[in-house]
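Colleague: One structure follows; several queries about it will come next.
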Amino acid sequence: MLNSSLIEVGHASNTTLDGLGMTLHQALNVILTILLALVVFALGCTVEIGKLWTHVRRPWGVLIGILCQFGIMPLTAFLLAQAFAVRPLQAVAILIMGCCPGGTISNIITYWIDGDMDLSITMTSVSTVIGMGMMPLCLLVYSRSWVETGSIRIPYSNIGITLISLVVPVACGVFVNYKWPKAAKIILRVGSAVGCLLLLIVGIASAVLYRGSWNTDVSIVIVGVIFPMIGCAAGFTISIIMRQSWQRCRTIALETGAQNVHLCTTVLQLSFSPEELVHMFTFPLIYGSSQLISCLLLVTVYQIYKRIATCKSSDESVSPDQALQSCPSVNTGQGEVNIGFEHDTPVQSSANQET
């Protein structure tokens, strides 16, 4: 899972960790696994079965996300590796990152920016399943410039474990929300706070345990910093072109830019020697750190905007709940496209409006 990905990167560099470092590494893995299970369970408490089924029956948002995930991201990885003329091993690491499915951090950030939680969780689950086929296909298409595709072993068992570890807690959360809605709200508050703690632990641990991994080429650092930003921007732009609501645009943008870093490091670990990994596994660490920082900045900016909008509405005697829903919208024939950061509202058909 993504939220423990920066800790899992250490597997690729076990030779660089002493006894104390390995002990801390293993202890953090246990702590992060427990916290991650609680966070995903809490996120499941936000899912309503009716809305989830709507995304399955009308999968426009999911399809757009899959297009961005396995169309835009691998192509972007290939172009960045070519543009910055990185070494072959580093180029392969960049490409594998671009071919990975979405990570769980997008679910946490989606909640904090008032995104579509049902769409976010659906996209993460679907991209993980489809990734079992799309990831080797993308590697086959783009990796010929550097290595033979047969040298990459895809860890299907790891993908399956990742899917199960995501689906089971989410399913439990959905059930709790269905049976005990009041308890689900309490769990959600606790889980969101734990999610912030989890992101903080990952950031600190990556800086303390794996300091030596930052000794790499400047070009790799640049690519690692701009890659997730390009992914988010591409997902947001395509969503706007496809006339999705702002709520969905934010969600799809996060799902596109937030990759499963843990899966990337596992593929590298299973496919290359320790000597090769010294030059390769630094990129997932840089990408994950940039991804984390970008997401936290996004949450900060959105929460500031939200607070300003609420304050303005209070001066005009408008309730805070109406503040983020007061922006106008336009009807495109495929639902309302919102002109602001607010929750989606259902659109009545023309027949119903006439009656």
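From the backbone N, Cα and C atoms, a Cβ is placed for every residue, glycine too.
For 317-335, 346-355, the entry in TrEMBL reads compositional bias 'Polar residues'. TrEMBL lists 317-355 with the feature region 'Disordered'. Per TrEMBL, the feature transmembrane segment maps to 27-50, 62-85, 91-113, 120-142, 154-178, 190-212, 218-240, 284-305.
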Colleague: Should anything in the same chain at least six residues away from the transmembrane segment (91-113) have a Cβ under 8 Å from its Cβ atoms, list it; otherwise answer none.
Modeller: 1-3, 5, 36, 39-40, 43, 46, 65, 69-70, 73-78, 80-82, 120-121, 123-124, 127-128, 130-131, 134-135, 138-139, 142-143, 145-147, 152, 166, 192, 195, 198-199, 223, 227, 250-251, 254-264, 267-268, 280-284, 287, 291-292, 295, 298-299, 302-303, 341
Colleague: State the residues, same chain only, that lie 6 or more residues beyond the ends of the transmembrane segment (62-85) and have a CB under 8 A from a CB inside it; answer 'none' if no residue qualifies.
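Modeller: Answer is 55, 91, 94-95, 97-99, 101-102, 119, 122-123, 126-127, 130-131, 134, 138, 141-142, 145, 219, 222-223, 226-227, 230-231, 234-235, 238-239, 242, 244, 252, 255-256, 259.
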